[in-house]
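Database features, via Swiss-Prot:
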- 74: active site (ACT_SITE)
- 117: active site (ACT_SITE)
- 118: active site (ACT_SITE)
- 1-25: signal peptide (SIGNAL)
- 83: site 'Role in lipopolysaccharide recognition' (SITE)
- 188: site 'Role in the phospholipid gating' (SITE)
């Protein structure tokens, strides 16, 4: 593991995150209270327009969060023991995001993260995340979420060519601490990874 690679990937991811398209920069921000923002009904416009609006509102939100990758688990039913032994399952790295909760308490975020992949190479990722949140009635401070991320990543073995990566998301939150995870599907000895981080 080369610390210079991690630092460079973090800087590169941060630069990508800080350069938003002009369409996002021109969107006025809305009233904010404790991570929640009121907005016009989400049913306005087509799917693409709603996505752009949600990305814009998350981008303009004053709320920030830190992402800390904690585990990369390779599905033992889909890998040879030899492959498992050769893989890194501690994805050292860091990430940064801007987030908001909408009027239905659903989570929206734009983020960038860089971490050490299964081969101990730096992997940057940036994207938009959405989760429909469920708040149990009697459990103050708890939230459970399920949703998706529409992201772009780049990997060493593909010469860091940007690759689209839509993935599912689930999380368990208590107050502002969240354990969030995704599953990367794949074939035998490839993919099938449960990636988990704290935010």
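Backbone N, Cα and C atoms are what each Cβ position is placed from, and that goes for glycine too.
In the three-state DSSP classification, residue 74 (active site) falls within a strand. The Cβ of residue 117 (active site) lies under 8 Å from the Cβ of 72, 88, 91, 123, 155, 156, each of these being in the same chain and 6 or more residues away along the sequence. Rounded to a whole number, the distance between the Cα atoms of residue 118 (active site) and residue 74 (active site) is 9 Å. Residue 188 (site 'Role in the phospholipid gating') and residue 118 (active site) have their C-alpha atoms 15 Å apart, to the nearest angstrom.
Counting in whole angstrom, residue 118 (active site) lies 10 from residue 83 (site 'Role in lipopolysaccharide recognition') by their C-alpha atoms. Close to residue 83 (site 'Role in lipopolysaccharide recognition') in the fold, though at least 6 residues off in sequence, lie 74, 189, each with a CB less than 8 Å from its CB. Of all Cβ atoms in the protein chains displayed, 11 besides its own lie within 10 Å of the Cβ of residue 188 (site 'Role in the phospholipid gating').
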